[in-house]
Amino acid sequence: MSMLLYLVPVALFLGGAALLAFLWALRAGQYDDLDGAAERILLDEEKRGDSAR
Amino acid sequence: MSCCAPGAEDLAVAGPSLPSDEEVRFAARDLGNGTSQIELSVPAVHCAACIQTVEHTLRLLPGVEAARVNLSTRRVTVRWRGAALPPLVGTLAGLGYVPNLFDDSQAGRDGTLTELIRAVAISGFAAGNIMLLSVSVWSGAEGATRDLFHWVSALIALPALIFAGRIYYRSAWGALRYGRMNMDVPIAIGITCAYALSLYETINSGPHAYFDAAVTLLFFLLIGRTLDHVMRNKARAAVLGLARLAPRGALVIGPDGSRDYRPLGEIEPGMRLLVAAGERIPVDARVVKGASDLDCSLVTGESAPQAIAPGAVVRAGTLNLTGPLTLEAQSRATDSFLAEMMRMMEAAEGGRARYRRIADRVSQLYSPVVHLTAFLTFLGWMLATGDWHRAITIAIAVLIITCPCALGLAVPIVQVMAARRLFENGIMVRDGSAMERLAEADIAVFDKTGTLTLGQPRLTNTNEIEPALLAVVAALAAHSRHPLSQAIAVHDGGGGPVFERIVEIPGYGIEAEAGGVVWRLGRAQWAGSAGEGTVLARAGEVVARLSFEDRIRRDAREALGEVEAHVGPVEMLSGDGEAACTNVAVRTGIGRVSAQLLPTDKVARIEELAAAGHKVLMVGDGLNDAPALGAAHVSMAPATAADIGRNAADFVFLRESLSAVPTAVDVARKAGRLIRQNLFLAIVYNFFAVPVAILGYVTPLIAAVAMSTSSIIVIANALRLSSAPNRREDEVSAATGVPAEEAR
């Protein structure tokens, strides 16, 4: 049973890290435009000063 | 270039509603350091190519530092440096993405959504971890291990309950404070009792803890609530993004001749205003100088444009079509026709204020029954055994098992699916209560101009006009923005003569010269003949008469037939003249027509119907319909409606076809049926679960299985709404229709 003493905290820590990452992403505005994010992967990176497409 | 940029024809139609540079500058926000930012609604944006075109072109404009499209809200945010405003509106319109300004009051980040998503995340995390620990307990963890797991669960559940649960506590408290009851009251009581009991058990090393039940319940309910909110937001953003029809301000001419753009609130009676062709009249005013034609369709319901001359009184909201006008303001914006309509609308607020949501009605019955059952269970066990700890444990188990997870999901989840179905069909719904009310409607009342018809005239007698003359008249008409001219110009095949001189005389018509011959297109009396109507004259002699009719919306007849079959009698209430109304009524198959109605008459008719016990569905678009929209049990408006009508209506349909009305009724009825089924399922669940709980056989494992199963059944039942047979049709129209038509 002694492994519980570290396995439970490890499990909680991993879950908590994922939760924090999600909250950070939410705050950083990554969920503001879900439809746009889905479409933007189809776009080519725009190069600086390059006006041709 | 791309599939989606609308063509130039759409631009011609949307032309008059482009926001002016002054309006854009007003709406812009100063960020300091000489940079400003504006958010514009661009309803036509809907794919990756659109994003790229818009962002790329805007970034190339002088001064623009950043441009970012948000596809979910169909908005573009532009930041620029320097005092000069880059030509944003013109550039976007030139690309085919007609921009609109929207009301800032409701803009900005959505705080509620962020709170909901955060609550879902936290309760999801807690539910997952506690469930993991609970499964170990159920599988046989005992003694110190079980106590440890319970303690860890209690620690995880507490913040989840405080953070995610406070949404329910707040709502429940709000309802209780006003002596009302809603579904959140039993939920709040249930989760609190579950937590308290489990904590007590944990402290005393008891075997049964319900942490998982409390947190999973919150998690499920929050998902439903969040989806509901997202769907409603999407619909609201789409409606907000439509072109604003009321102007934000007006060009004021000072006593010294200076011109100054002032917001609407600062316009005082007596000020001189300049209104260009294509702009709407900002306040009730008198014409001082200039002549023009006025499109009053949104204000009075009259479909034919009116000629106006100095001395005439014009109403706020009418559209100036052909010539610039100098006006003298007669009232403030708060006293003008528009504001009067708004006050009438608030006064008329009838059916919707009295309506009580199905969920509220159910919870009104549900909560007392459940809480009484729990109390009686406590009394029963107390009398039978005298063991108060056992009695309380079982009573709380009853509360937990009846905690209305399925019931709480039964209504919102169906309404989310229904709103999605409607959204795919180009129909925006304000909230769930609107859908419930629409399902009840048993009589339909339609406005004429702009609702049954498109408010756009169509040339009807092309076959009576010689082809050569038709070419002349079409070429001539292409030079005017008058709606009748534009209806003629559609027939322009390029075969007309080359005109040397073209003058548009506002209020009368167009005069042009080609090869020494003077052509006149316009009012009969001006062009050189007696009588009424629009004619084409060559050298003072009438050579062709043109007749027009208002174009009726696509599928109007079929749609009205369906409404008649499924909803009830159909009536037409219009502010337009008798003849025009009868004509439309005959062509759309409406039996009962009332013409020349004032806004108050429309409200009176609706109240009369309501007094006779009818639930009225009102479909209308004009300012004059707004009070009637407010008075009706449920209301619908097309996307082209006046701003206040659009904001007042429960449903807004974006496409041209009138079949939106029967579609919405159909979806609302199906949703109503599914909601009743769901409520029935939830009650059946309780019917089986409650006796088990009362007899004291409920363990945390049984509670978890029973509650999850009932929730999943309810959700699965709601999903049936999305797999309706006309699915493929929806996808086709979703891919082609919405944005191009929204742009109007």
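Glycine is treated like the rest: Cβ placed from N, Cα and C.
Taken from TrEMBL, the feature domain 'HMA' covers B:36-100. Per TrEMBL, transmembrane segment is recorded for B:116-136, B:148-169, B:181-203, B:209-227, B:365-384, B:390-414, B:679-695, B:701-719.
Beyond the ends of the transmembrane segment (B:148-169), by six or more residues, the same chain brings 115-116, 118-120, 122-123, 125-127, 129-130, 133-134, 136-137, 141, 184, 187-188, 191-192, 195, 198-199, 201-202, 209, 211-212, 214-215, 218-219, 221-222, 225 to within a C-beta distance below 8 angstroms of the stretch.
As a quick check, the transmembrane segment (B:365-384) and the transmembrane segment (B:209-227) miss the bar of 3 or more Cβ pairs under 8 A, pairs 6 or more apart, so the two do not touch. Distant neighbours of the transmembrane segment (B:390-414): 183-184, 186-187, 189-191, 193-194, 196-197, 201, 208, 210, 213-214, 217, 220-221, 224-225, 227-228, 357-359, 362-363, 366, 370-371, 373-375, 377-382, 432, 671, 674-675, 678-679, 681-682, 685-686, 689-690, 692-694, 696, 698, 703, 706-707, 710-711, 713-715, 718, 721; these residues of the same chain sit at least 6 beyond its ends, with a Cβ under 8 Å from one of its Cβ atoms. Helix, strand and coil counts from DSSP across the domain 'HMA' (B:36-100) read 20 helix, 21 strand, 24 coil.
Listed as Cβ neighbours of the transmembrane segment (B:679-695) (distance under 8 Å, sequence separation of 6 or more from its ends, same chain) are residues 358, 362, 373, 377, 380, 394, 397-398, 400-402, 404, 406-407, 410-411, 702, 706, 709-710, 713-714, 717.
Proximity of distant same-chain residues to the transmembrane segment (B:181-203), defined by a Cβ-Cβ separation under 8 Å and at least 6 residues beyond the stretch ends, is recorded for 147, 150-151, 153-154, 157-158, 161, 165, 168-169, 171-173, 175, 209-211, 213-214, 217-218, 221, 359-360, 362-364, 366-368, 370-371, 392-393, 396, 399-400, 402-404, 407-408.
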